[in-house]
């Protein structure tokens, strides 16, 4: 029996996605059975966490070697039950500012306790990637739960558990065991704002270090494809660069670090509290070339009516050397994700917004400048179809090869040529082997896997992600 069920989707969304994976071009290339197998693999992989934790290093402040030593020391403190030789931290040969930590698990033989704590699905997803259970995520706890009790934690994947319940018999998935840091009444009967760790995870199903407030000046947790984006953009010191939809600031700070904090990085987001996170992350990483503005990217181009600002948005045409459009999207590549409640209308709502943002980006880009478009979803409509639309709508754009190219090529189905598909980069969870990536330190001693095998697996076992790179010809 699998450790995690396949992702739960609304029937109309699953039908839509099935048609994406069984479009005419794919059917002609791989046949009905091949496309059906890939779609089922995709549904299964989405509910599983990636097999590696990706840590981006702030090389602006310290060397890779120094940060790696600090990280090793911290992980050994957290994972005391492991031998020193069991803690693997791997450098990535194509990404010099990345370290990879294999996730230990999934551990299928953990004992389950009679005292059960139920958490929301997003909280459960976070636990599977190394987080403790924070109190606001707790939906149900035993009637007499007190500080120090050992409990088993389950994720309510259907969203049916009533907050404050003492038990729950609905559809739930075991994510590990932990120790209560709060009593039940402090969680459900307090008038004070709920914050802090409610359950400290001691034996999670997927064992990964917790990085909450750990080496905050030196490291930034990012999914592997998100780090690849910054390198594909390839910023140069002294340039003026725009990150159009920047929150929470991971890619923004990466761009600034790659520029050695020399030049100007403009970060925009239309939601004020998200903008504060960008500023906080920039301050933590001691990056001073970042300027953050609360502004709607679709209105970032100055017109005769609005006029242009000398500093912030709106901006004059052809103001930027490089632009990153990490567009708002349906997020259907995120992992782990055991349940998505979105309607089909919500899933389809992003393509028009993405095109508005893209059109503004093209006008703000200098001739000869680079535009990188990315999403964390897997639909054709938000990815390859957007590329086809862009090439047809903007004759000034040329698709460019990407370096590094760690993912697969683009998906068939948008009438792009084979050469064009090869220039795109799609990280596809369906490509993860059927059994997923499993790392068990005890079994690893007799394994024949090399470090190169680990890196190849890490390049595949990621979230779903898409990258396209364009240049604007004069």
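These residue numbers are counts, starting from 1, taken along the chain as shown.
Cβ atoms are placed via backbone N, Cα and C, with glycine included.
Curation does not apply to TrEMBL; its annotations are automatic.
Bear in mind that the values here come from a model prediction, so they are computed numbers and not experimental data.
Record features (TrEMBL):
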- 376: active site, nucleophile (ACT_SITE)
- 245, 246, 247, 248, 249, 250, 251, 269, 326: S-adenosyl-L-methionine binding site (BINDING)
- 144-473: domain 'SAM-dependent MTase RsmB/NOP-type' (DOMAIN)
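Sequence features annotated in TrEMBL and their locations in the structure.
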| residue | record | contacts (Cβ under 8 Å, 6+ apart) |
| --- | --- | --- |
| 245 | S-adenosyl-L-methionine binding site | 268, 269, 297, 325, 326, 327, 328, 357 |
| 247 | S-adenosyl-L-methionine binding site | 269, 271, 274, 275, 277, 278 |
| 249 | S-adenosyl-L-methionine binding site | 267, 277, 278, 279, 280, 281, 282, 290, 292 |
| 251 | S-adenosyl-L-methionine binding site | 226, 229, 230, 243, 324, 326 |
| 376 | active site, nucleophile | 223, 225, 226, 329, 331, 333, 334, 463, 464, 465, 466 |
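Residue environment of residue 326 (S-adenosyl-L-methionine binding site) contains 22 other Cβ atoms, counted within 10 Å of its Cβ in all protein chains. Here S-adenosyl-L-methionine is bound by 245, 246, 247, 248, 249, 250, 251, 269, 326 per the record. The longest Cα to Cα distance in that group is 13 Å. Cβ atoms within 8 Å of the centroid of the Cβ atoms of 245, 246, 247, 248, 249, 250, 251, 269, 326 (the S-adenosyl-L-methionine site) belong to the same-chain residues 243, 252, 267, 274, 278, site residues excluded. Averaged across the domain 'SAM-dependent MTase RsmB/NOP-type' (144-473), the predicted model reaches a pLDDT of 93.
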